[in-house]
Each structure stands twice: as structure tokens, then as C-alpha cells.
Amino acid sequence: MLLAIDVRNTHTVVGLISGSGSHGKVEHHWRIRTESEVTADELALTIDGLIGDDAELLTGAAGLSTVPSVLHEVRVMLEQYWPSVPHVLIEPGVRTGIPLLVDNPKEVGADRIVNCLAAYQKYGSAAIVVDFGSSICVDVVSAKGEFLGGAIAPGVQVSSDAAAARSAALRRVELTRPRSVVGKNTVECMQAGAVFGFAALVDGLVNRIREDVDGFGGDDVTVVATGHSAPLVLEDLSTVQHYDRHLTLDGLRLVFERNRDNQRKLKQAR
């Protein structure tokens, strides 16, 4: 059983994955709040409480974090609490199998890399990956499995909260799909702007990528969405073909499998 840990700015997803290769399957997953000052001990208590007796079945662990301080604590946690379990953390120097054809590869977020890896491996084609998180990342992977870059926009909830915070007449609202794009009250107006507005933003970016990037104008390009906020706008997206809620966890599994032998040798050497 593989323990997968996906730490983002707002929330963290913890998953347990059985099998490998094409037989890999996310058996359980949990979503918890990310705390930037969390300690390794606190992480261990939380994760051990979530996975319970399955902790005895762990054969590996893989993790990423868009919060550098938490990545350090994840490393300490794995080394102290599961020292016999080989682990891989997505950071510079780790083999991902995805060439990064960008100006500064070290700037590319680990989440973006593993998402593109998972999409390329799963669908076997060039792909556009849309991750709906605290930011919306629209990333591009070529038919050769190369990361070509992408676009980043503020996330749906972040934008709605910012509008409420910067305006005396607006307040924070629950983001659900409104009955119409023409709101009849302030809450519906904000919901319409968020849901329909961001659907249009994503469709616009995907269409622009298809127009501007060589080889992306045909039907052999897969467009896949992931992320906790994706279901909010899926119904109104015309460009997205697939929704894969576990894309990042699958990507972590793929990177672990690529680096597994090296990690086992390191554990044995100790």
C-alpha cells in the first residue's frame, strides 16, 4: 500500500493506493486543512489516525508540497515514524520522467509536474491539464510527454473571497451553481460571476492554447480537469473531456514507482 500526500496552500489530500502500474487504485483518501506551521509530530498523529491499521501495510510513501516548510516536516515525519518505508518527495533532482521545457525548471510546482505525468501516462496523448485549486493551473504536456508550460489564474474561491474582502457592499458567499447567469440578488450575482465566469476563463485559455501551440488543434489532445473545485464548474465547461479527481495521487504513485528501486537501496544501505 502506498501512502500519498498532496500538500497544497489551503488543503492537503492524503491517499492510500493499492497495486501498481495500470492496476494502481486509490482505495481511500482524506482532505484536511493545510497548516503552514504544522510539525512532523502533528502530521504523524493526523495521518496515523486517518490510515489506522493500514499503516502496517505500507510499502512506500510519496509526497509533494507547494508549501516549502511543510515539505520539510513531511520528510522528517516519514523518516521518524515510518523509517523502514521507502519514500519519494517531489523536489529538484527526483526523476519524474517529464522533461521541463521552460525557462526555469526549478520554478515549476511539483503538483503541475505530477498532474501532467499522470495525464500523459493515463491517456497516452498530448494533454491540457486544468487543476482547480487555490489557483487554477492550466498546463500543457506534449505528445512526447514534455511539459511545455501553462497558465495560472486565481482560484474560484480565492477570487470570490478577495472580492468580498475588498468591497464594503459584498460578503463571502457559498459557491454553488446559481439558477441563472443573471443573478436576482447579490449572492446569486457573485455566484454567477464565479461559476460562469471561471468556466468561461478556463474554456478561453484551453481554446487559446489549442490555437497557439503547434499540434494542439486536433482531436488527439486530451483535456482533463482535476482539483476539489472542479465539480463546481464542470457542467459549464465545453472544452474539458475528463474529470479525474485522483490525478495528482496517481502522479505521485507514478513518480514513486520510477524512483522505487533507488529508495530501497538507500534504505538497505542505512
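Keep in mind that glycine also has a Cβ here, set from the backbone N, Cα and C atoms.
Under DSSP, Asp111 (active site, proton acceptor) is assigned to a helix (H, G or I) in the three-state scheme. Annotation source Swiss-Prot lists active site, proton acceptor at Asp111.
Its Cβ taken as reference, Thr10 (ATP binding site) is surrounded by 15 other Cβ atoms within 10 Å in the chains shown. The ATP binding site annotation in Swiss-Prot covers Asp6, Val7, Arg8, Asn9, Thr10, His11, Thr12, Val13, Ser134.
Residues within less than 8 Å, Cβ to Cβ, of Arg112 (substrate binding site) and separated from it by at least 6 positions along the same chain comprise Val129, Asp131, Cys137, Asp139, Phe147, Gly150. The substrate binding site annotation in Swiss-Prot covers Gly109, Ala110, Asp111, Arg112, Thr186.
Taken from Swiss-Prot, the feature K(+) binding site applies to Asp131, supported by sequence analysis. According to DSSP, Asp131 (K(+) binding site) sits within a strand segment.
In sequence order, Thr66, Cys137 make up the list of same-chain residues 6 or more apart from Gly109 (substrate binding site) whose Cβ falls under 8 Å from its Cβ. Binding-site extent for ATP: residues Asp6, Val7, Arg8, Asn9, Thr10, His11, Thr12, Val13, Ser134, maximum pairwise Cα distance 14 Å (rounded to the nearest whole number).
Ranked by Cα separation from Asp111 (active site, proton acceptor), the binding-site residues Arg8, Thr10, Thr12, Ser134, Thr186 are led by Arg8. Counted over every protein chain shown, other Cβ atoms within 10 Å are most numerous around Thr12 among the binding-site residues Thr12, Ser134, Thr186.
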